[in-house]
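All remarks here apply to the structure that follows.
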Amino acid sequence: MAGTSMVADSSSWSTALIKISPYTFSAIGIAIAIGVSVLGAAWGIYITGSSLIGAAIKAPRITSKNLISVIFCEAVAIYGVIVAIILQTKLESVPSAQIYAPESLRAGYAIFASGIIVGFANLVCGLCVGIIGSSCALSDAQNSSLFVKILVIEIFGSALGLFGVIVGIIMSAQATWPAKSV
């Protein structure tokens, strides 16, 4: 009976997660931070750009003024690049004997979680800014006095990405690798 318990324990998810290198978790977190942020920016640019081009047929004057919405979407990708660089600098070399030490695992998980938070916060931010930018272009084509009012809302939508960046930086501060033995 004791042997059955051992087999069940050795094939559990917790065992699998402990056996994966913390460097793998870190690399996946960094990739998610930049990749999903760029996806959010691209999606926002797609939404804003298509509405901007369509609305510019009726009112060509809105084209240059509403490019600010595309710039806000592009800032989302830049947030992901900045955090990926910050997370990359958190990686340190650890002796192979300490690679699965609790401190190493915590550092890998912290970088992984930070990357996920930043990536998905920026995905949602890109969608939010894209949708608001789309409505800004369409409403500006109808009534030019609405541009500044909707632009303020777009700035608040862009703050969602900054919140994700701030939380990601705070979480990555927990990534401390074991000290090398001299």
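Placement of Cβ uses the backbone N, Cα and C atoms for every residue, glycine included.
Bear in mind that TrEMBL entries carry predicted annotations, made automatically and left uncurated.
Among the features that TrEMBL reports, domain 'V-ATPase proteolipid subunit C-like' is placed at 28-87, 112-171. Look at TrEMBL and you will find 20-46, 67-87, 107-134, 146-171 tagged as transmembrane segment.
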Legend entry - Residues from the same chain, set at least six apart from the ends of the transmembrane segment (107-134), whose C-beta lies under 8 A from its own: 21-26, 28-37, 39-48, 50-52, 66, 69-70, 72-73, 76-77, 79-80, 83-84, 87, 90-91, 150, 153-154, 157-158, 160-161, 163-165, 167-169, 171-172, 174-177
Legend entry - Residues of the domain 'V-ATPase proteolipid subunit C-like' (112-171) by DSSP state, where helix covers H, G and I: 59 helix, 0 strand, 1 coil
Inset, instruction - Summarise the domain 'V-ATPase proteolipid subunit C-like' (28-87) by DSSP state, stating how many residues are helix, strand and coil. - result: 56 helix, 0 strand, 4 coil
